[in-house]
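Enquirer: Dumping the structure here so I can ask a few things about it.
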Amino acid sequence: MKLLILTCLVASAVAMPKFPFRHTELFQTQRGGSSSSSSSEERLKEENIFKFDQQKELQRKQSEKIKEIISESTEQREASSISSSEEVVPKNTEQKHIPQEDALYQQALEQLSRLIKYHQLQMEVVHAQEQFHRINEHNQAQVKEPMRVFNQLDAYPFAAWYYGPEVQYMSFLPFSSIPQPIFPEDAQNTEVMPEWVM
């Protein structure tokens, strides 16, 4: 009986929820009074909302920076294509001062574009190789003929001299007579009988 009570107590202790240390204060205030618990809940909600707003603001700023970098890189590409076709002397007033971070972002974007082009070329090569292999397999399948099956011994050119005439067309006993033992007719007159006949 004591063992049963002890196991029940242990099971209930294990089944109780364990609260993290930072929420023990909240758990104790809920037991103490409902007014303090509602204020702490509101405070936690406000903190979560504030953190969420900060994350949204950071994401928005990052997306704006990325858009600016992309637009600048496209403008520079267009300007470089125009300057390569026509010799235009850039004015100092038109040039923008690019901070070091923007230069790093620009280099990263250029590397990404080169990497994307490289992967596209590799994918095209792989696709061409697969297509070539498919065409080869298709052509080989059309050329191949099924192998002829030779059931007779003399179908091969070496069969005539390898197998003698008595071996080539040997008549075999039917399989139904195999279980019946074969022994000489005068087996009763002999003194020694085979073991398998007994």
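We count from 1, first residue shown onward.
Placed from the backbone N, Cα and C atoms, the Cβ positions cover glycine too.
The annotation signal peptide is assigned in Swiss-Prot to 1-15 on the grounds of similarity to another entry. Annotated region 'Disordered' per Swiss-Prot: 28-47, 71-97, in sequence order. Swiss-Prot lists S39, S80, S81, S83, S84, S85 with the feature phosphoserine.
Just tell me what is around each of these and how deep it sits.
Expert: Within the chain, the signal peptide (1-15) has no long-range Cβ neighbours under 8 A that lie six or more residues past its boundaries.
Secondary structure from DSSP puts S39 (phosphoserine) in a helix.
Sequence-distant neighbours of S80 (phosphoserine): no residue of the same chain at least 6 apart has a C-beta under 8 Å from its C-beta.
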Enquirer: Hey, does DSSP put S80 (phosphoserine) in a helix, a strand, or just coil?
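Expert: In the DSSP reduction, S80 (phosphoserine) maps to helix.
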